[in-house]
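**Student:** TrEMBL lists 146-244, 245-362, 363-476, 477-584, 583-701 with the feature domain 'Cadherin'. Positions annotated as signal peptide by TrEMBL: 1-19.
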Amino acid sequence: SAGLLIYLVSFMMVFCAGAQEEGEIDCTPGFQVKEYQVQYNGGFPAGEPLLQVAFNDCKGNQDVQFEVSHPDFVVDEEGRLSPRRDVIDSGTVMFIHGQSIHSDDMAQVDILGAPPRSPQTLREILGLGQIPYRQRRSLLVPPMFVPENQRPPFPRSIGKVISADMEENHVFHLTGKGADQDPKGVFRINRLTGEVAVQRPLDREAIAMYYLQVSTTDLSGKVVEGPVALEVSVIDQNDNRPIFQESRYAGEVLEGSPTGTTVMTMTAYDADDPNTENAVLRYHISKQSPSKPSPNMFYIDPEKGDIVTVISSSLLDRETLPTTQYELEIVAKDMAGSDVGLTGTATATITITDKNDHAPEFTHSLFQATVDEGSTGVIVNLTVDDRDDPATGAWRAVYSIINGNVGQSFEVHTNPDNNEGMLSVVKPLDYENTAYHTLLIKVENEDPLVPDVGYGPSSTATVHVTVLDVNEGPMFFPDPMVVTKRENVPVGSFVATLNATDPDILQTQSIRFALLKDPAGWLTVNPVKGTVNTTAILDRESPFVRNNMYSAVFMATDNGSPPATGTGTLVITLEDDNDNAPYVSPSVARVCEDAKDLNVVVLGGQDKDIYPNAEPFSIELGKQPGLEKTWKVSRINNTHAQVTLLHNLKRANYNLPLLVTDSGVPQLSNSTEIKVQVCTCKKNKMDCNSAWLVRSSMPLCLGLALLSILCEYPSHDVPTSPQGTGG
């Protein structure tokens, strides 16, 4: 019977392997038969095969290892279970653990008619000394494996949980994500046998590992064993193509680079299991465009994805290649590049960049330019040729004047639009000084040349500049001309004689003068002699005078063809005369009629003249008799005085006469007056309204009083109030 069992199992393994190769059925890794039976006939002789296990990891069974819970039994490479020696105490059950890189599973062997081992403990039955399975009490839960993308029918068995203490009233329970938690219903367990099954296709890229728990309970729901962790690994299938993150990639390599220079690295990604060949990628170049001068100018490392140059450095010349950009179609294939591998593609654009291996050269060795004297700006554009890549530092030109620019009258700059050199005059040239200039210009690149290339004679050029004579306007000297005059000089007084010369010394020309700007209209000029005289009184206090200075602009015109003009400024510094009387401010003051502080106001003296014709000022009461009985003026400093009441006055308006005198020679005095309002003050508020009413009614009262006095005293003067005139 043992021989027949071995034959049947061997036939099943061959059949399953053949069916897998043909793709007729799906393969579930692990033991294809989970339970075996052998008959005990008094013992087992050494070396005699008892059965052949059916184990398939669905990947060719490479490096499969078996362990048996009974130390006296072994499973060989062919999967045959045999005793190492003559065995009598085999016990009633054994477990076989099969493991490879792709599968890990367990099978049970029941020995019919055998007596129990003595001593026979639970650890010995489960072989825990040899098989490293996680367990709690007597519940044995091996790891399980499920290929992704299985086709129906479902459910499919993936393994079995074994309980050594299982009784008829005990049932298995499966919990966790994939069982009773989302995603629910992926796995189920047979409540009576412990067989675990998958109920629908799995996707490893979505969930690669399920972590479940297995337990047993009695019929009342009380947990008997567990929970024990159950790990279900999803076996990868090659169902994802390699993907490049971008459809197009760009790289560059310097022209003349040696063979083997790394240009760029292409990297694709595969979502399949990185620990399997499903995600092992290989790269190759499927197409190069253009294909000249060689269809294999570049090579890609199959494993790393590094693109390197194959073409020689002498042929990698940007100036001789048919194009400066090459496109490579890169293919990434999984399954380590095997024929059955899936592919992904991307395009690599490689630009041959320029190095400065060509010096710029002038298109002409001699350039001509003409310029009017006295003018500035660009006078000639210098053109160059450069075979290097435009818009790079190897092409952009830098110009310099290396000879002939003695007075630094010329500058040369690069036109960024066309790389030409713009030679400019920055300081006006003088025909009478030098009519011809010869410059030597040099051109270089922004970037240095490569070591084996230098600048030759064509990198310099000569420029002949011819200066054209232009009729130049007369020039005043000095400009401005500054003179000093006292204000109020008589009309017709001499002020100054203007001096202007014509820079055209090689021509004989006459000059005439004219007044161009005279804001106050004070001056006149002799057109031939250039003498300036006054036509009005010079007033230092005029609004046209700033900081004691008056400015006028004159024009000189030659008789050239066409006539040319020049302008000059005459500045007259005016000395002060004491021609303005002083005055005081403020002109109005207020005081309370019951004020305890009788200080009325502080007056300040002012004068349009300047020192010494202004302060110190003398501020005193007017000459009217009796003022000193009511008012007092006290000097504070050179410019200010305090006005004080000697006693309180009734509410009214009062005009206080004052006399203000400056310190000029001779002194000037001004008889003036200030208005003092005596107001009613209550609660910090000053009421002066009735005072103004009194002021507005006084003209009528004064008129009536004056008429009465004239009638009574026709031959006498009118008396005045000694205390100030009431308003």
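Just so you know, glycine gets a Cβ as well, placed from its N, Cα and C.
In TrEMBL, annotation is done automatically, which means it is predicted and not curated.
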**Student:** Taking DSSP states H, G and I as helix and E and B as strand, how many residues of the domain 'Cadherin' (477-584) are helix, strand and coil?
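**Tutor:** Counting residues by DSSP class gives 0 helix, 50 strand, 58 coil.
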**Student:** For the domain 'Cadherin' (363-476), jot down how many residues DSSP puts in helix, in strand and in coil.
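**Tutor:** Across the domain 'Cadherin' (363-476), DSSP assigns the residues as follows: 3 helix, 53 strand, 58 coil.
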**Student:** For the domain 'Cadherin' (245-362), give the DSSP counts of helix residues, strand residues and coil residues.
**Tutor:** 6 helix, 50 strand, 62 coil
**Student:** Per DSSP, what is the residue count of the domain 'Cadherin' (146-244) in each of helix, strand and coil?
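**Tutor:** Residue counts in helix, strand and coil order: 0 helix, 50 strand, 49 coil.
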